[in-house]
Amino acid sequence: MHCERFLCVLRIIGTTLFGVSLLLGITAAYIVGYQFIQTDNYYFSFGLYGAFLASHLIIQSLFAFLEHRKMKKSLETPIKLNKTVALCIAAYQEDPDYLRKCLQSVKRLTYPGIKVVMVIDGNSDDDLYMMDIFSEVMGRDKSVTYIWKNNFHERGPGETEESHKESSQHVTQLVLSNKSICIMQKWGGKREVMYTAFRALGRSVDYVQVCDSDTMLDPASSVEMVKVLEEDPMVGGVGGDVQILNKYDSWISFLSSVRYWMAFNIERACQSYFGCVQCISGPLGMYRNSLLHEFVEDWYNQEFMGNQCSFGDDRHLTNRVLSLGYATKYTARSKCLTETPIEYLRWLNQQTRWSKSYFREWLYNAMWFHKHHLWMTYEAVITGFFPFFLIATVIQLFYRGKIWNILLFLLTVQLVGLIKSSFASCLRGNIVMVFMSLYSVLYMSSLLPAKMFAIATINKAGWGTSGRKTIVVNFIGLIPVSVWFTILLGGVIFTIYKESKKPFSESKQTVLIVGTLIYACYWVVLLTLYVVLINKCGRRKKGQQYDMVLDV
């Protein structure tokens, strides 16, 4: 016992020193600005900080590639499908078409004897359509529905403590005794909905799969995640490959689709290699039920800065698994399609909410670095502090008073984006990933200020995005973007003022003209490809129905 505690203390000290040293090293490299290569007049330079970031991308891509090779080898491993699985679907003001597609895909799941529990967040007349769709798709004679005035933590109007207890027991009994059930309950947020499913199931099943009501599951999705959990008893949770269902509906949903592929098949695949996936996404994830019930109460009652948390449910669920020392994995063999916002403002609000949960969970996650591979500490430091270094770099370049610095920054952003997207195109075997380089502009212009706004408002709760049946536009997300554009515009004006005081040399004019032409050509080529290959092909494809969720 004493030896274990001593080793634990050593690991805590070691990971802390490693993380602090890494951060100090990156900061020193950034401040010193040592250059390996630089041209006359500093038109181009490549320094220590840039070399570090380039190395990170290469190493991350390498481990992602190795993890994908391991996934392919696992196909040869036979397993017995004798473990019990329950699928929990969280629904809130869902678009009827998406919900119907979700439930139809659930009926096609190939895992034998899977139990389906759908919990609707809200029990008003306006929510009844979701229960009707459930009965229609799952079969009125094969499913059970129940309208609950309460939820496990709040009583409905006219309910007593005794009647609340009785109704809670009734809900639990309904879930345990039926293979397919839909419950409408008093509104309480997504975490309340998930808690109802977990609590009612108890320890009656081996694995619990989670799913959102806008998700289309691949028939083999459950089987593939069970394989991962069966192969290693120290894996506590696993997530699958989440792709975009409505990627051709707008430019924002299309760019989100290529970003999703990169996030799952590069970033999370790399994390999976070391057994420390930091977020098992809500549309497609599976957990060991025995672990789930070790922390479900603490997970539900999570507080931050004195307020109960009502977002970041999936990320905190993942962190709870990691806190117990169990690994979390990703498998590209399990797939699904899910809805993403098609309007810029709704997308911005979604990203702000996700950023809030990321930074909040970063602090919680840091307490368990010592229980996992050093890669978990390394990546947390890199991804957690990168936005701050990036903002400092942008402001510095925009206020140096040189037009070339601004142009070089724009060119560098697209060059890095092209390099990453080219590798992704090779790994995926699909040229469409080249459009990932366009997402870098969206990141710099919108996601970066949204992250800062998320930190400033991190204790503000709420769903963040509205239900899909009725889209509510929230303009609050434009505030940080407007402030950011004002800062950048100020830098451009300052630079023009400084440059206007002295004539351009012939070499400087040549460099600026060539750089501008390259940047303009990049946009002309990419936008032309988007219009020709995506818009036209998309109109034909987005109306198709898929029996299998394929990488299309």
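Each residue, glycine too, has its Cβ placed from N, Cα and C.
If you check Swiss-Prot, you'll see Cys8 and Asn459 are listed on opposite sides of the membrane.
Counting same-chain residues at least six beyond the ends of the transmembrane segment (430-450), those with a Cβ under 8 angstroms from any Cβ of the stretch are 252, 254-255, 258-259, 261-262, 344, 348, 351-352, 355, 387, 390-391, 394, 413-414, 416-418, 420-422, 424, 477, 480-481, 483-485, 526, 529-530, 533-534, 551. In the three-state DSSP assignment, the secondary structure recorded for Thr328 (phosphothreonine) is strand. For Ser221 (O-linked glycosylation site), the nearest neighbour among the recorded positions Thr110, Lys190, Thr328, judged by Cα separation, is Thr110. In the topological domain 'Cytoplasmic' (1-11), helix, strand and coil residues by DSSP number 10 helix, 0 strand, 1 coil. Here the C-alpha separation of Lys190 (ubiquitin cross-link) and Thr110 (phosphothreonine) works out to 27 Å. The Cβ of Thr328 (phosphothreonine) lies under 8 Å from the Cβ of Val235, Gly236, Gly237, Val238, Gly239, Gln271, Ser272, Gly275, Cys276, Val277, Gln278, Ile280, Thr318, Val321, Leu322, each of which sits 6+ residues away along the same chain. A sphere of 10 angstroms centred on the C-beta of Ser221 (O-linked glycosylation site) encloses 30 other C-beta atoms.
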